[in-house]
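Asks: Per Swiss-Prot, the features are:
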- Lys34: site 'Transition state stabilizer' (SITE)
- Gly69, Gly70, Arg91, Asn193: substrate binding site (BINDING)
- Lys253: site 'Transition state stabilizer' (SITE)
Amino acid sequence: MTDLQSIAPRDKAEILAQALPYIRKFHGKTIVIKYGGNAMTDPALQADFAEDVVLLKLVGMNPVVVHGGGPQIETALKRLGKQGHFIQGMRVTDAETMEVVEWVLAGEVQQDIVGLINQAGGKAVGLTGRDGGLIRARKLKMVDKDDPSKEHDIGQVGDIVSIDPSVVKALQDDAFIPVISPLGFGEENESYNINADVVASKLATVLKAEKLMMLTNIPGVLNKSGALIPELTAREIDELVVDGTISGGMLPKIAGAIDAAKSGVNAVHIVDGRVPHAMLLEILTEQAYGTMIRSH
């Protein structure tokens, strides 16, 4: 793993020189970042992430952070004696779990991220789907992947109806960094827990983002031998889903990546969030730290 603090000054200068063309290329562009995995729970990686986001803003890009919070939600549920349950990579969310999800995501995780970014010199503002009517949602209908005639009731898990990016754009124009919790609201003002990968993908599409970066706990998409696949098309991904290579929690992440790529996001990267500054190195150098998804 590459740690920028361990790099010699001359090598750092070369990295900065390499970064200049990318800074020019992506100046003024929106970069949507799905922040999750170890990068959210390791204090050193948290600090690295905040610094990277601030640096992207300072060099003229517009980072938008969409965060997860699975481990933190799981910890809170265990404290309450409640067992988490997943179906096809989605958390089953009853009314009691929904209260925990809202409290953990908007009241704990989001505020921690906002604080870290502000501490690193940025101006972060926390949002949920309710703020400015950002994310309207409805109850997700989950069809069984093996039996299409069967549906699973997974509670207050939301399917995005629409995204109004006005509040995000207003914050960007005023030099703020939006930090978004994946919570939506329905017609009756009910709350919905929405998969953060899906929110990041849809938001990247609506904002016409240059890149969608998905930080995760693995090197990227791996083949059955455990080797990294550096680049994939939508068709190749379909084959990996059918043969079981891609499964579980990776399914919504991959579905979101394909959706964004097909909807006009120029580049979608699933990045190894365990590597210090991996996101920054992925954007500003020729080095790759994950899998790039393209539509064809």
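In case you wondered, yes, glycine gets a Cβ from its N, Cα and C as well.
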Asks: For a quick check of understanding: among the recorded positions Lys34, Arg91, Lys253, which residue's Cβ has the most other Cβ atoms within 10 Å?
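Replies: For the recorded positions Lys34, Arg91, Lys253, the Cβ with the most other Cβ atoms within 10 Å is Lys34.
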Asks: DSSP on Lys253 (site 'Transition state stabilizer'), three-state: which is it?
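Replies: Going by the DSSP assignment, Lys253 (site 'Transition state stabilizer') falls within a helical segment, counted as helix.
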Asks: For the recorded substrate site formed by Gly69, Gly70, Arg91, Asn193, which further same-chain residues have Cβ atoms within 8 Å of the site's Cβ center?
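Replies: Residues close to the substrate site, other than Gly69, Gly70, Arg91, Asn193: Gly68, Ile73, Thr93, Val101, Val104, Leu105, Pro182, Asn195, Ala196.
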Asks: So what sits near Asn193 (substrate binding site) in its own chain, CB-to-CB under 8 Å and at least six residues off in sequence?
Replies: Arg91, Thr93, Thr97, Met98, Val101, Gln156, Val157, Gly158, Pro182, Leu183
Asks: Using DSSP reduced to three states, classify Arg91 (substrate binding site) as helix, strand or coil.
Replies: strand
Asks: For the C-alpha pair, I'd like the distance in angstrom between Lys34 (site 'Transition state stabilizer') and Gly69 (substrate binding site), rounded off.
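Replies: Cα of Lys34 (site 'Transition state stabilizer') to Cα of Gly69 (substrate binding site) measures 11 Å after rounding.
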